[in-house]
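Worksheet: one structure, shown below.
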Amino acid sequence: APAKAKKTPSKGNNVELSSDGEVEEGMWEMEEEEDGSSEEMVDDYGASSSEEEELLPIEKAALKQKPDREGLSEDDSEEDEEEEEAAEEAGRQKMGQKEEESPDLQLNLDIDEQFKLPTNEQIEREDILFICSNHKLFVAVHDSLMVFLPAEPPDLHIIHQRIKGNMDVLQDFAVKREEGRTRQEYLALLRRDMAAYYSYSDFLLMKLIDIFPLPELINFLEANEVPRPVTIRTNTLKTRRRDLAQALINRGVNLDPLGKWSKTGLVIYDSSVPIGATPEYLAGHYMLQGASSLLPVMALAPQENERILDMCCAPGGKTSYIAQLMKNTGVILANDSNAERLRSVVGNLHRLGVTNAVVSNCDGRQFPKVLGGFDRVLLDAPCSGTGVISKDPSVKTNKDEKDILRCAHLQKELILNAIDSVNAASETGGYIVYCTCSVMVEENEWVVDYALKKRNVRLVDTGLDFGKEGFTRFKDRRFHPSLKSTRRFYPHTHNMDGFFIAKLKKFSNAIPQAQKEAATPSTVPSTVMETQPKKRKLEGSKVDKEQKPPQPALKKRHTLQAQRRPLKT
């Protein structure tokens, strides 16, 4: 093929000359094809008018910028890179300055977001919304017309945030309080918000505020909203904890030992089978029992061959645990005043293999007359149930002052009868364990302090390594200093039901003379002592009046005797 010359483009004609100077004929066609291909490429990039109409404006702008970018030289790209690096360095410097200034900015935000009490109008409006939401109605007032619409419940998220802000202010009240506002206003709003958020009655919330500090009270209320973990107690009369745990794990149960303080307890996290219907349960290898229910029996520490009274035994968990520790020796009297609940006691005792228990249906207040002389007595007294709110949420609203006082009065009667049922001369015993599933002081320390005054008993150590000490003072009342040896358990600190345990040691079977007159005020003995001398004076005056008549005869006798005797010089 002949060698071709270089292309010499010209504005006039597109002609390529051969070596001979002749114009080659196929070049026009090739150029036309090349021009056509270039036009097609332009069309592919969207230069055709038909496709431009279909594209969005932002896409058109991007297509216009693309050729400009392709036309940039390498020097321009390098300059752009340098500019980008400089911009990044400037941005880093600005970020460093912002980080240095962030504490001040955060402080300003905190100042701007300072908690402020709502106005009275806002509070009244929320009260109306809350009351109407309970009745599922909302009252809309417009031009003196009342329209009842479906009610919307109050925004719990706003109430929760307000509780947090209020708590933050109360912890540093002198600095964070709003000017012109008193602490009582903040406490009243906090009590109102907590009652609305956690659904408690105002009475019970006031009682809990008196018992717990405010930060601990929030934790207590939050813990009551979560159920306690499921726990079981191994029945060592039939199996060992290790064997039971392995059998349950083989059935798909996820469990762990309850704690170092218990040798028989297991905590269940989840299970693929019902825990209350496994073959091991039906065979009596374990008992479904709360962790807090193990503690009173551990404090009682029953010994073999003893006579023990469980005054309020239903449903039988503590009774079977006592029999387990006694290895089915001695005698246990399982008593309960409710005959219906005794059915579960009998069933559990048979299932667990307890053979040393006698079940009775008597009123605990009559028990010293029915049978006495026990070595140890366990009194799990009926109470208001304020420690097991997670199991029974109805306690939040259905308890009032009369219920608490009624329970306290019954508990005082039962603890005195329990003390009278114990033999102080027992070689191994003479102990009484009093426990309740309540956190109220009126049902716990108050009752024990009453028993210390009325009977010859003293408080001893419970033998439990954990738990909070009982109150020795509450509001305006002062209790015996030995109440420090009692123990309190809370759901937010020990992850078990609220419980109170006290252990008493009886040192004399005699009832103190001054305390025989029950339900008499302490001022009565002093008045009796004052009236006795007056009676003696009255009796002396009567005797003197009766002795006055014979006085003249005595005088005559003395005068006659004096006349008979010679006078001495």
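Backbone N, Cα and C define each Cβ position, glycine as well.
Note that this is a predicted model, so its numbers are computed, not measured.
Under the heading region 'Disordered', TrEMBL lists 1-107 (among others).
Sequence annotations record features per position, and here TrEMBL assigns compositional bias 'Basic and acidic residues' to 61-72 (among others).
As annotated by TrEMBL, compositional bias 'Basic and acidic residues' applies to 89-100 (among others).
As annotated by TrEMBL, S-adenosyl-L-methionine binding site applies to CYS312, CYS313, ALA314, PRO315, GLY316, GLY317, LYS318, ASP336, ASP363, ASP380. Applying an 8 A CB threshold to same-chain residues 6+ apart, the list for LYS318 (S-adenosyl-L-methionine binding site) reads SER293, PRO296, VAL297, ASP310, LEU378, ASP380.
Summarising the annotation, TrEMBL assigns region 'Disordered' to 516-569 (among others).
According to TrEMBL, the compositional bias 'Polar residues' annotation covers 520-530.
The feature compositional bias 'Basic and acidic residues' is assigned by TrEMBL to 538-548 (among others).
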Legend entry - Cα-Cα distance, maximum over CYS312, CYS313, ALA314, PRO315, GLY316, GLY317, LYS318, ASP336, ASP363, ASP380, record's S-adenosyl-L-methionine binders, Å: 20
Legend entry - C-beta crowding around ALA314 (S-adenosyl-L-methionine binding site), within 10 angstroms: 22
Inset, instruction - Can you check which residues sit near ASP363 (S-adenosyl-L-methionine binding site), meaning Cβ under 8 Å from its Cβ, same chain, 6 or more apart in sequence, and list them in order? - result: SER337
Inset, instruction - Measure the Cβ-based neighbour count of CYS312 (S-adenosyl-L-methionine binding site), defined as the other Cβ atoms within 10 Å of its Cβ. - result: 20
